[in-house]
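Peer 1: I have a structure I would like to understand better, so I am pasting it below and will then ask my questions one at a time.
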Amino acid sequence: MATIETDLPPPTVLLDADRQSYVGKPASKKGKWQKFVSFIWDSDYYEKSDAERNLVFKLDCFMLTAMTIGWWLKNLDQNNLSNAYVSGMKEDLKIQANQYTYMGTIYNAVVAAMQIPSSFIVMKVRPSWFLAACEIGWGIFTFAQAGAQSYQAMYGFRFCIAIFESFYYPIGFFILGSWYTRPELAKRIGLWFVAGPAGSAFSGFLQAAIYKNLDGLHGLAGWRWLYIICGIMTVPCGVTLFFLVPDFPENTKVWYLSEEEKVLAKERVARGGAQPMKGNINGQVILSALKDWKFWILVPFYCIYGFAVQNGTQFGVYLKAYKYSVTLRNVLPSLMYIIQIPCILIYCYISDRTTRISRGWIMLGPLIWGIFPTAVLAFWPNSNPLRVFAFMVNGSLYITPVFYAWVAEMCGHKTELRAFITGSTSCLFYAFNAWLPAIVFLQTDGPRFKKGFRTTFSCCIVSVVFVLIIIVLRRREVKKEKNEMISDQAPITPEREGDIEEKL
């Protein structure tokens, strides 16, 4: 059995054109500015070479920005249905009983069906082409909803939009996890992800402004103008994705990266232990995934957690039932999403900074806190301000970016496994979301939604238990890997020892 050396010299630094290794010169000391930058941004910012910092800067400016705008527009377009519903669409299209719920059911069923295929499609088709085509497609059908004359037409449009929008979520996580390293990833996923609540929030403010200023213009209701304006915004963004999404490090041809930077990008992937993208789909990996605890624990967890944060979707219905104005029906749910934004960024920042602590412990805090607002709605106290507060803080429960950063770490050694787990988590969530709300969140049960709110309360508690189980299983897995390396007489350098302890 190999012994771990304890008499090694302290870590040192040697810079070359593309990377930095820990042999050669003593590590340089950071000044106040360098410490500040390392604190608020990447903890290893000044351990990177100039070439690597420049590469990451380009990825942030072009790839991350373009995909964030696309995600913002997706959530803007997706949230338009609820804003239009409480702003005149219900009356214009004579929507009755649970027809509005079924529009969501159709959308979720289609999205669920496309989650697993999406991650494998972009292993064969360039994401820059695919995402651009999808965004242009859902932009066209966003326009089409402005002309809907019946709830049956909305069923058809929601089906078509779901097909094109379904790919963006899993592919976005997959691409970001392919370019960024451990100290970089959660923050970038967080910055990308908060564009979702930002889009949802903007949709409410936009609908409120349109209802006030454009309702009736040229004979069109305000909710129809909402779809027209959003379509005009969405289609050009699809064209932008074609030029700015760099595909994967192994096959990128994007114009803003030099050949040296493309080589460095592949080096970064290898340095993090991730398997390079080869464009091949190994079916054996999928079969082995079904024998892995990650599939049977991570996938159900995300499904349960995803339903635990569903209360906010009923906020507009609650406000309408309690005779709030059309403006407040749109603005107050938007404030709910605005609260969500800093919460997500804080969770992701802490997750990247505390590299010696499992991301699971970061996820526990919001989930434990979430038991309170979900309990308020589940047991419905005789206090309107308290119920409104519970709706407003619903966004503080979201830990999705931290979860997917954790998945990228746990599954990074096999590309197909990461694709399969990422797609499966989204698939099961949308599959449940296609029918469960139609049972527990019937519009005829509003605004109390007794079955629905008690279901989300139970899901929040179960989510806490699941995270604790994942933490325990992950620690066992990493310890087993460490013991196998020692038994195989693989050399354990201080850096590798640090990586192992970081996983633990």
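For all residues, glycine too, the Cβ spot is worked out from N, Cα and C.
Sharing the feature lines straight out of TrEMBL:
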TRANSMEM  55-73  transmembrane segment
TRANSMEM  100-122  transmembrane segment
TRANSMEM  129-148  transmembrane segment
TRANSMEM  154-177  transmembrane segment
TRANSMEM  189-211  transmembrane segment
TRANSMEM  223-245  transmembrane segment
TRANSMEM  295-319  transmembrane segment
TRANSMEM  331-350  transmembrane segment
TRANSMEM  362-380  transmembrane segment
TRANSMEM  386-407  transmembrane segment
TRANSMEM  419-441  transmembrane segment
TRANSMEM  453-473  transmembrane segment
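How buried are the listed features, and what sits near them?
Peer 2: Outside the transmembrane segment (55-73), and at least 6 residues removed from its termini, the chain residues within Cβ reach (under 8 Å) are 42, 48, 131, 135, 139, 168, 172, 175-176, 179-180, 184, 188, 191-193, 195-196, 198-199, 202, 230, 233-234, 237-238, 240-241, 244-246, 254, 256-257, 261, 264-265, 268.
Within its own chain, the transmembrane segment (100-122) is flanked in space by residues 78, 81, 85, 90, 130, 151, 154-155, 158-159, 161-163, 165-167, 169-171, 174-175, 281, 416, 419-420, 422-424, 426-431, 433-435, 437-438, 441-443, which lie at least six positions past its ends and keep a Cβ under 8 Å from the stretch.
Counting only same-chain residues 6+ beyond the ends of the transmembrane segment (129-148), those with a CB under 8 A from a CB of the stretch are 67, 70, 73-74, 77, 80, 84, 93, 121-122, 154, 157, 160-161, 163-165, 167-168, 171, 220, 224-228, 230-231, 234-235, 237-242, 245.
Sequence-distant neighbours of the transmembrane segment (154-177) (same chain, 6+ residues past either end, Cβ-Cβ under 8 Å): 63-64, 67, 70-71, 74, 77-78, 81, 93, 102-104, 106-111, 113-115, 118-119, 121-122, 127, 130-131, 134-135, 137-138, 141-142, 144-145, 148, 185, 188-189, 192, 245, 247-248, 404-405, 407-408, 412, 418-419, 422-423, 426, 430.
Away from its own ends, the transmembrane segment (362-380) comes close to residues 305, 308-309, 311, 343, 347, 350-351, 354, 386-387, 389-391, 393-394, 396-399, 402-403, 406, 448-450, 453-454, 456-457, 460-461, 463-464, 467-468 of its chain (Cβ-Cβ under 8 Å, at least six residues beyond either end).
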Peer 1: Apart from its near flanks, which chain residues at least 6 from the ends of the transmembrane segment (419-441) lie with a Cβ under 8 angstroms of it?
Peer 2: 98, 101-102, 104-106, 108-109, 111-113, 115-120, 123, 166, 169-170, 173-174, 177, 285-286, 289, 294-295, 298-300, 302-303, 306-307, 310, 313-314, 404, 407, 411, 449, 451-452, 455
Peer 1: Near the transmembrane segment (223-245), which residues from the same chain, at least 6 beyond its ends, have a CB less than 8 A from one of its CBs?
Peer 2: 62-63, 65-67, 69-70, 73, 76-77, 80, 83-84, 87-89, 92, 127-129, 131-140, 142-143, 145-147, 175, 203, 206-207, 210-211, 214-215, 217, 254-256
Peer 1: Would the transmembrane segment (453-473) and the transmembrane segment (331-350) count as touching if the test is at least 3 Cβ pairs under 8 Å, pairs 6 or more apart?
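Peer 2: Checked: the transmembrane segment (453-473) vs the transmembrane segment (331-350), no contact.
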